[in-house]
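Feature annotation from TrEMBL assigns domain 'ABC transmembrane type-1' to B:229-446. Summarising the annotation, TrEMBL assigns transmembrane segment to B:6-23, B:43-64, B:129-150, B:162-188, B:227-248, B:269-290, B:358-379, B:426-450.
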Amino acid sequence: MNTPKITARNVSVSYADKQAIHDISIDVDMDHVIAFIGPSGCGKSTFLRTLNRMNDTIPSARVSGDVRLDGQDIYAPEMDVVQLRARVGMVFQKPNPFPKSIYENVAYGPRIHGLATSRSEMDAIVERSLTRAGLWNEVKDRLSESGTALSGGQQQRLCIARAIAVDPEVILMDEPCSALDPIATARIEELIHDLRGRYAIAIVTHNMQQAARVSQRTAFFHLGTLVEYGKTSDIFTNPKEERTKDYITGRYG
Amino acid sequence: MNGVVLLILTVGLGIIAWASTRMHALGFRRRSGSRTSSLPHHYGWYVALWTAVPPLIFLAIWAATSPALVTDMVLQAPAAVQLPPPGFERAAILSEARALAAGQAHGAFHALSRTLAPAYDAAQTRIDWIATAIVLLLALAGGAYAYLHVRPEFSARTRIERVVLGLLLGASLIAILTTAGIVASLLYEAGRFFSVVPVTDFLFGTHWSPQSIDPRNPGASLGAVPLFWGTFFIGAVIAMAVAIPFGLMSAIYLTQYAAPRARRIMKPVLEVLAGIPTVVYGYFAALTVAPAVRQFAVAIGIEWASSESALAAGLVMGVMIIPFVSSMADDSLAAVPNSMRDGSLAMGATPSETITRVMLPAALPGVVGGVLLAVSRAIGETMIVVMAASGVATLTANPFASTTTVTRQIVDLLTGEAEFDSPKTLAAFALGLTLFLITLLLNIVALNVVKRYRETYE
């Protein structure tokens, strides 16, 4: 039942000469949303980006260690990054809809992966994705309008719909609410609740309340190391490590 | 005392005013101990400007008006009654007298001018003394007025800033006014042309042969359509067929694929292309590319291919334009936020899918703007077509045939020996005006496109 979707073992990343994260080992599974928390620069986003090899886009980044998706080494030479990223979707800190229509934004992924063979199939995918992202009712009458014309919160849900459209198994979220107001944030958090179980979800946040609200597992990062990892309720009520406790109680970070 | 001496005198007074006021300001700054509202050199400049600027303005006006004043005074002289009535002879005598008085002429053609010369001399001396007096008066009055204002609490700084602002404004106005002057002269000359040749003949006529103009109907051989077509064909079709794909692809390579090291080397090299004088491109086109194009054409069976083909000029012009297209496209691709690229890559798109489906559409307005600017530059380009394109205006879409361009024809028309007000010469101005209007329009459209695009991402 609770087999891990992604297993990361002894993952280290360095940019040029500077090592960003050291020996991180974490599992991501379908039933638990996992939150990565920690002060800025602690490596939580860097770690998240190793899970779909987005660090490949930074020429100086070097990744070592072992990351497996369903037991398959994603850093193996025969791994196809295109396939990997279709299975492991990502939502970014700042909403980044493409300067295309709402429909085209969602259809982008299915189109490049050839998931729909007809217009009606594509329509169905777009509707399903927007519905799951909780955006369908708001935009169904203006699918041809530009995605960039939506509000920030709607843009972020559009990006989630875009990620969902290729039917991924894992969704990585990199501080998805940091550019949003509280109401839009609440909607995204509800959405994360709804998506749990269907997708394995990992979310980076530096809002501890948010981590407490949306996640069942929490990993606390500090200075590039994984300090503590466990049930969210344990981390927040009964942390084992002194540093976790200091961070949770707001003594630093 | 002539104008130069007065000028030096004025500047000297200004320097003295600057130095003494600065000393004065340094003094009260030290004495009062408190902070003065401006630095000593601000006060210095303030008084120096008040000292020197009014006399300078006066001198400028004086230089324009004093010769007339001198002549008036000479006409008051007793000898002047013998002068002939106003006309050519009178003017000749007066200017000869002036030259004698100034010591620039030795012999006199008119006896009268010799008698008038002393009067000229006297008048000039008087005028010079008046000018000197006024300059000194203005300088002293201005300097004294300003000097009395110099107190610790007086803010000379803001006034100096205002002067600087005025200077900068003046400098930028000069460029604009020059443009206006160019347009005015173009309009005037083109107007003269269009009073001889109907606008419709010029704009819609398809026969261009300025060498054989029928004086009774000049419009019949001054139809500019072949020139417009040739310009469009070479500059906007052939050159762009080279510049757009290569410029765009090099921009894509440089922004998306090249390692930082490669980019550091290749970008400046590409930009060097833009620094090559166009005349060098011109002989490259005429001596290397044109024969090669002709040989190629003959090799594929086009026996009549011209050695001044549109293709040769267009190809080289296209190469010349590559850096423009590339650097505009580079800028607009770089202006697309990285989050767009990451978003697309994270969807599992390949780098080339990301570029064609996300980056290029997002950068398109900037790229289009860059292409329009490049077109406007290409159609205004002169040297390459003067050297490599033909002088014969033919209306053809065959790249191996010879075609001419507007700029090439302007050069031909103006370097001939025709008199300056013949329809043939004036046609150059009409062509220039048309070219100016077209490039102006292209630039306005291009800059608007680029601007609108910038607004989306900031």
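Here the Cβ of each residue, glycine as well, is placed from N, Cα and C on the backbone.
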Let me check one thing: do the transmembrane segment (B:426-450) and the transmembrane segment (B:162-188) come into contact, meaning three or more Cβ pairs under 8 Å with sequence separation of at least 6? yes
Taking the transmembrane segment (B:129-150) as reference, which of B:6-23, B:162-188, B:269-290 has the most Cβ pairs under 8 angstroms? B:6-23
In the same chain, which residue numbers or ranges, 6 or more beyond the ends of the transmembrane segment (B:358-379), come under 8 angstroms Cβ to Cβ? 231-232, 234-236, 239-240, 243-244, 247-248, 252, 256, 317-318, 321, 324-325, 327-329, 331-333, 335-336, 340-341, 343-344, 349, 405-407, 435, 438-439, 442-443, 445-447, 449-450, 452-454
